[in-house]
């Protein structure tokens, strides 16, 4: 089968500015661009670009666009990147999703994003519809991966369906943008990929306030050390021990923490330093795409994360989201140059 991403497709409207204006202020920006985007599309394209060149497995996108020019461009971009789009629907009664992105060039390269969900709000499926989409899968094979984010209405119900009907699937979940879940629902998936903000939001979602206060105090006293404890807590006491139970916390320029059921000791890899950060928009999706491809291709968790840190370091040096994602050979070349 291969890897399927069920998620959002957006058309990105990007403004580059020296700084973000205050409320009520008009400020002259530097430039404006349009890009393909949406966390679902970005992650799908990342998986396709970052898979090994001779790998024969299929990459599939499941989602919705509007019947408009933006939707046509998004579908064309997916096809150009060798993504199967037969299960991307075209909705005539709603527009394609749009993301308005402000990139602060002069200060930090950080971004602020506003989402209009549009057709992404239609990305919900009944049990029968999911069975139809995935009816050609060979359930005797173990090598299937399904990826979810939270720019669609209800990924949890779909994860429950996969748990009940496709037990051989490895489920990857990136809870972005963050939505609170029931505590038991945090055990529906095999691989959890979060940034530092999302990992703290999970703690706030399921733990009492006195524990949250203790965690927030520990973050102030020692940033990376505190997230070591959060990673350990999520892996041991939140994830499902009968699954892979992989937890990955990205800390931006501070590096990456990870642990799993196989090795519960929290491990750390530093971020790759670059001369200039241009745009961080696609960094997280690139990182996730790298992790997914490498795990699917049989690499160890540490190898997968090392590859992904190099991939995302290339992404942040180029404007755009999906367009800034590097190809597999570029990442390998960069790794070989820096790991001598």
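Any Cβ shown, glycine's included, is placed from N, Cα and C.
Annotations in TrEMBL come from automatic prediction, not curation.
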Of the candidates 151, 184, the one that TrEMBL places in the substrate site of 10, 11, 12, 38, 39, 40, 41, 42, 285: 151
Same ATP site per TrEMBL - residue from 195, 336, 338 joining 250, 251, 252, 253, 254, 255, 284, 285: 195
Additional residues surrounding substrate, by Cβ distance to the 10, 11, 12, 38, 39, 40, 41, 42, 151, 285 centre under 8 Å: 7, 8, 9, 36, 37, 43, 97, 99, 321, 322
Other CB atoms, at most 10 A from the CB of residue 315 (K(+) binding site): 30
Integer Cα-Cα distance in angstrom, residue 41 (substrate binding site) to residue 279 (K(+) binding site): 18
Which binding-site residues sit within 10 Å of residue 285 (active site, proton acceptor) - Cα, from 12, 39, 151, 320: 39
Rounded inter-Cα distance in Å - residue 318 (K(+) binding site), residue 12 (substrate binding site): 15
Rounded inter-Cα distance in Å - residue 151 (substrate binding site), residue 279 (K(+) binding site): 21
Environment of 279, 281, 315, 318, 320, 324, the listed K(+) site - residues of the same chain whose CB lies within 8 A of the CB centroid: 278, 280, 282, 283, 316, 317, 319, 321, 323, 325
